[in-house]
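Okay, structure first, notes after.
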Amino acid sequence: MPPAKKRKTRATAEPAEEIPALNATANETAAPKDNNSNEEPPLAEASSSSASDAATKAKERAERFKALQARAKTGAQKNLKEATLESQRLATDPNLLTSLNRKSAIASHNLMKADAEVAGEDFERKRAWDWTIDESERWDKRMKKKDNHRDDQAFQDYRQDSRKVYKRQIRDLKVDMDGYEKEKMKAVEKAAASGGLEIVETDDGELVAVDKHGTFYSTADSTGFVEHKPPKDAVDRLVKDLQQAEEARLKKRRERMGGNGDDGDVTYINEKNKNFNQKLNRFYNKF
């Protein structure tokens with residue numbers, strides 16, 4: 001008997017089927033290699049463009065950094081200049097600066113006057129050319145008032161001092177004319193109702209109040225003002241004026257004591273050392 005044919009099993013059939021699959025896989029892998037070989041030039045171009053962009057960005061960052069450095073340097077120089085000016089301003093005595101300006105103005109005035117005298121010109125007339133008549137009169141009035149005020153500053157007697165205080169209070173006083181007119185009309189109506197005041201109309205139509213008994217208008221012997229009750233705002237204003245006067249008095253007292261070196265802490269051991277400290281303060285406090 002001839003030998004029986006071997007039946008194909010699953011294990012023996014698979015290798016035959018794997019061969020075409022391997023060939024297909026090899027072809028597919030070969031194809032991408034060709035594609036990669038064709039795509040290499042675009043990748044090179046992309047890398048070169050990215051390198052140029054990075055260089056441009058680095059250059060821009062360097063320029064911005066330089067600009068920031070220049071700005072910081074300018075700010076530091078400006079701050080140093082301002083700090084120097086502030087220190088000079090604090091070290092400068094304002095009284096000394098005012099004195100120097102006054103001396104400079106006096107020196108320039110004397111120089112102009114000397115030049116005018118050398119040239120044979122009238123200095124006052126020449127200086128008046130720069131001003132109008134109204135301005136000249138206002139200036140003369142101001143100078144006269146300033147001289148009178150300077151002469152009136154020194155203490156003469158208590159009567160003169162009281163007069164200055166009274167003038168200052170009158171200058172700062174604000175009169176309520178509306179309230180005054182209302183109080184006046186009330187008083188007139190009350191006096192007319194009681195019969196002590198008669199309203200008479202003159203020929204030209206003007207109304208005149210005639211005091212029959214002589215008690216309506218105040219005289220040196222009148223005592224009706226004691227019955228007047230001031231309003232609350234007037235009392236508050238009086239209290240405020242008294243407080244301001246007390247503060248001014250205390251301020252002058254502190255300034256007087258400060259001039260003698262009696263303010264603040266005691267920095268001396270005897271009267272001679274106190275005078276020496278005051279001399280040092282006069283000469284070196286401005287520095």
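Yeah, the Cβs are placed from backbone N, Cα and C, and that goes for glycine too.
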- Task: Select from 107-134, 163-190, 191-218 the stretch of residues annotated by TrEMBL as coiled coil.
- Result: 163-190
- Task: Give the range, chosen from 141-161, 246-266, that TrEMBL lists as region 'Disordered'.
- Result: 246-266
- Other same-chain positions with a Cβ less than 8 Å from the coiled coil (163-190) and lying at least 6 residues past its termini are 152, 197, 199, 209, 216, 241
